[in-house]
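Let me begin by presenting the structure, written as structure tokens, before commenting on it.
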Amino acid sequence: MRGMKIIILFWITLFFLLTGNSATEAQPQPQPQQQELRFSAEKAYEHAQYLTDKIGPRPAGSKGEEKAAQYIYYILEQAGWKVKEQPFSKVVVQHNPLEPENNLQVINSRNIIAELPGQNPETVILGAHYDSADTSAPGALDNASGVGVLLEVAKVLASSSQQESYQLIFFGAEEAGLVGSEYFVTQADLSAVRWMVNLDMVGTPLEIDVAGKTSAPPELVKQVANVVKNESIPFHLSRDFLVMTREGSQGGNSDFSPFLDRGIPAVGFGISGRPNGFYHRPEDLMGGVSLQEIDQIGQLILVMLKSVHPSSIGSQTWDTSYLTFQLGSQVFILSSLGLRILFLLVFFFTGYLFIRLFRGKYRTNSSAWIKYFIGALTMTALSLVVVGLSGVGELLWQKLKGVEILWYAHPDLFILSRLIFILCLVFLAVGIIRKIPFAQSSNFYWLVATGSMLLVTTFLALYRLDLAFPFLFWLLCLDLLYLWPNIILALGAPYFIYHIHWELLNSQQWVSFYEIAHRYVLIFILLYAGLLLPVLFSVLFCVLRKPKFIKPILKATRLPIIIFLVADLLFLGLVPSYSQTYPQILRIQKEWTGNETAQYHMSSSDFIPNDLAKELGQVHSKNIYFPAQGDKPPMNLEGVIQDKGGRSFSLTLKMNYVREPYRVKIKIRSPHSFRITQIDDFLPMSKLPRKVKLEGIEKSGQYELILERTPPHKSILQASIEGEGKIQVTVEVIFADLKPSLTLEKHNLSIDYLESYRSEFEF
Ligand SMILES: [Zn+2]
């Protein structure tokens with residue numbers, strides 16, 4: 001036991017040695033200049049209120065976005081900044097790795113850029129996006145809050161002479177995929193820019209986003225964390241401990257990310273934790289923005305601009321594979337060199353244990369190997385069954401309650417319940433497996449668990465060191481387990497699995513993760529069974545190594561575990577799917593198809609609440625249709641396809657809008673391959689990203705191409721298509737329904753009111 005203590009002490013000491021450059025030393029803070037105006041939270045709040053209440057939803061390209069741009073322009077000019085507009089139009093390719101399709105969107109918007117020259121040309125950029133997510137999202141927290149704070153910061157900065165030069169950028173079309181900031185970094189001369197900070201959904205506890213697609217310089221992370229700590233503002237560092245990257249479909253979650261990609265040190269400020277159900281919804285109103293928090297963030301920004309020294313951030317290239325650990329308000333950074341040393345040490349340690357194992361009593365013959373092999377197969381099958389069974393509670397309550405999903409409001413409870421369920425099953429299963437004669441070699445189980453973890457860690461480390469760290473941690477747990485067979489240590493891994501989901505659970509990424517997991521159930525069962533296997537092996541290893549100690553525990557806990565398991569199942573039934581803060585999303589769309597009369601289409605990704613369906617005299621389902629009153633359609637359409645001979649067709653669409661549409665979607669389909677050879681400025685071909693072609697791609701036997709456009713719109717579209725006969729064109733136009741004739745007042749529902757016009761024709 002003494003040797004054990006020494007080993008643990010060694011690792012703890014090593015950790016602190018490697019993370020030696022922790023962010024503890026305070027930075028000197030210069031006194032603010034006297035003549036400077038003070039930051040007024042009330043004024044910042046008023047700006048946000050104007051954008052939210054007076055202007056309302058501001059999706060990219062909309063009239064609302066344009067009005068917001070004018071307002072920001074006016075305020076900045078009043079404050080004495082040199083302001084200019086940067087309009088842009090960009091073709092964005094919608095990526096969906098699961099269902100390949102050719103979906104091209106034209107996004108039109110503008111950035112508002114303001115400049116304040118200082119005594120030296122070194123420039124600091126402050127940014128915030130002013131668009132909102134959707135036609136029905138007023139975007140108070142996301143991101144009128146950030147814009148309000150920045151407009152007020154602008155006033156303060158302009159009220160006295162500044163050392164550094166400042167640039168404020170109010171980005172358009174952030175919600176359409178960081179379009180404004182991506183455009184800005186490709187156009188601007190960034191040579192004088194020292195660093196950048198972006199505000200997106202401000203409040204406390206503060207989220208300091210230090211990783212987009214790439215990570216911020218460690219020196220900047222340290223300095224910023226220091227300032228926030230000194231201001232006594234609670235915060236969370238986004239790259240904390242186990243889940244370190246935002247790489248993937250989201251690719252950096254706000255406008256600071258494109259700056260990092262270009263080698264500009266940048267961080268993002270947002271609100272930490274999973275955004276409530278109002279995020280990107282009609283309920284994102286000023287009631288969710290706190291004056292006190294606006295004040296804290298505003299003061300913080302001003303202190304930070306004085307205390308973070310551009311010259312001390314260092315060069316334009318930096319270590320990107322470091323790890324951050326946060327303990328309360330203390331931030332530790334493990335550099336990639338430290339990380340490498342740690343990897344080597346753990347690998348050597350594992351190798352040493354392997355040698356020790358094979359030099360020792362581990363002698364065996366071929367018939368024993370067959371037994372071990374069968375044992376391992378049994379365990380694999382078992383882990384698959386256990387992971388598969390963990391969904392039983394969910395299925396049970398789905399049937400009983402008649403709702404499809406039970407996770408929305410409380411995903412953490414839902415994961416915890418599954419984990420408890422799995423652990424109970426593991427304990428029960430190990431009790432049974434232990435009795436089977438082939439499963440008696442503890443060392444074999446340790447060897448398989450550690451060997452597989454070593455392989456996974458090595459492969460990941462070769463790919464990306466920081467991604468491999470959680471597995472290195474797991475490998476270290478297994479190493480310690482060999483020296484100290486302890487069931488608590490063996491269960492370090494389930495805790496680790498839970499922790500790795502932390503950021504997922506507390507971000508909007510959870511929604512897409514859940515949807516993908518449910519669409520590809522089998523793949524996910526395989527994946528999670530793979531994660532469970534080392535845990536199973538470790539538990540079995542402990543049981544076989546210390547039978548005298550653990551056998552009685554297994555026996556005594558059998559009944560309590562069964563009771564706990566049943567209780568866990570019942571508990572899951574109490575978890576509400578929706579709540580007032582995480583309401584069910586419902587869409588009520590008044591639909592016109594061609595010249596037919598309109599109908600209402602009520603839809604949700606989950607079943608529409610039973611009482612609501614009954615009220616409308618409909619059966620319980622996800623889609624409900626019922627007739628609408630006889631309004632005039634918001635537009636009409638004439639579409640013509642002409643055969644020009646020689647596989648060439650011309651397409652003409654004449655759209656007569658009664659109201660300003662929001663989104664126009666044109667889907668072209670054909671059983672044969674086709675491509676567009678010419679098109680007017682509905683989708684300018686000169687703006688197409690390289691490698692992207694205007695052609696149909698195959699999807700379940702049909703070739704398909706989708707062209708989408710946000711405003712401003714033209715009423716005529718002309719295109720030439722090259723292809724073979726039978727071409728089908730579907731036009732779908734979405735309008736915001738600002739004065740819906742049918743409204744619902746229901747608890748736990750968040751409703752989008754839309755109108756749509758759809759027309760289909762073929763040649
Ligand atoms: Zn935002």
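Cβ atoms here come from the backbone N, Cα and C positions, even for glycine.
Feature annotations, reproduced from TrEMBL:
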- 111-303: domain 'Peptidase M28' (DOMAIN)
- 337-358: transmembrane segment (TRANSMEM)
- 370-393: transmembrane segment (TRANSMEM)
- 413-432: transmembrane segment (TRANSMEM)
- 444-465: transmembrane segment (TRANSMEM)
- 471-498: transmembrane segment (TRANSMEM)
- 519-541: transmembrane segment (TRANSMEM)
- 561-579: transmembrane segment (TRANSMEM)
Contact yes or no, the transmembrane segment (471-498) and the transmembrane segment (337-358), 3+ Cβ pairs under 8 Å, gap 6+: yes
Best-contacting stretch, by C-beta pairs under 8 Å, relative to the transmembrane segment (370-393) and drawn from 337-358, 413-432, 444-465, 519-541, 561-579: 519-541
Contact ranking winner - 337-358, 444-465, 561-579 against the transmembrane segment (413-432), Cβ under 8 Å: 561-579
Contact between the transmembrane segment (519-541) and the transmembrane segment (561-579) (at least 3 Cβ pairs under 8 Å, separation 6+): no
Integer mean pLDDT for the domain 'Peptidase M28' (111-303): 88
